[in-house]
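Features from TrEMBL:
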type: DOMAIN; residues: 8-82; note: domain 'Methylguanine DNA methyltransferase ribonuclease-like'
type: DOMAIN; residues: 87-166; note: domain 'Methylated-DNA-[protein]-cysteine S-methyltransferase DNA binding'
Amino acid sequence: MIEEREYMFYCFFESPMGTIKLVSVNDSIISVSFCDMDSIFTNNIKNHYVLKLGVSPVLNIAINQLNQWFRKERFDFDLPLKFYGTDFQKSVWSNLRFLRFGNTISYKEFSCFLGRPKSYRAVSQAISHNPILILNPCHRVVAINTELSGFSGGLSRKQQLLNHEGHLYTDCSKNSKCLAEWEHGESFI
């Protein structure tokens with residue numbers, strides 16, 4: 001349940017891939033999205049909080065860690081995340097943090113990791129609604145044939161994020177399939 005009328009801090013971060021909006025409540029990150037995305041998540045919960053433009057202590061740490069990540073000085077994040085969603089969504093989202101920098105996993109493999117081998121469609125649907133991009137690395141989940149699919153930030157951004165981590169994906173326009181030419185790292189956690 002969402003606590004009533006607490007402060008929701010938000011700020012913007014200029015990344016090499018575009019402007020990112022970060023949102024926190026109390027001492028936890030609740031949303032990371034690209035500004036040109038429609039953030040249904042934030043729109044659904046913002047009425048429960050007093051919005052405050054500014055950098056809370058946890059947002060300041062997140063910005064520092066993102067800067068380090070984009071410079072390849074950091075490969076994982078040490079930040080408190082809070083998820084708002086169904087129990088199933090929260091279970092899927094909380095396990096995305098185990099996906100390591102440079103590795104990919106298929107939706108089906110990730111479903112098996114969760115102990116739900118027959119629920120890969122439901123798992124992929126939950127992943128597509130992950131409200132905390134990059135910090136909670138849903139971009140590391142790909143189709144079984146390494147094709148890119150299902151990223152709320154857009155396939156070209158998913159391509160950029162995976163390329164940043166050592167994968168070489170090319171031509172991720174809306175009308176083409178995006179396949180890995182070279183897969184760096186293991187295809188698992």
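Note: Cβ is positioned from N, Cα and C throughout, glycine not excepted.
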On average, what pLDDT score does this prediction assign to the domain 'Methylated-DNA-[protein]-cysteine S-methyltransferase DNA binding' (87-166)?
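Per the prediction, mean pLDDT sits at 90 for the domain 'Methylated-DNA-[protein]-cysteine S-methyltransferase DNA binding' (87-166).
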Determine how many residues of the domain 'Methylguanine DNA methyltransferase ribonuclease-like' (8-82) DSSP places in helix, in strand and in coil.
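Once the DSSP states are binned, the domain 'Methylguanine DNA methyltransferase ribonuclease-like' (8-82) shows 23 helix, 29 strand, 23 coil.
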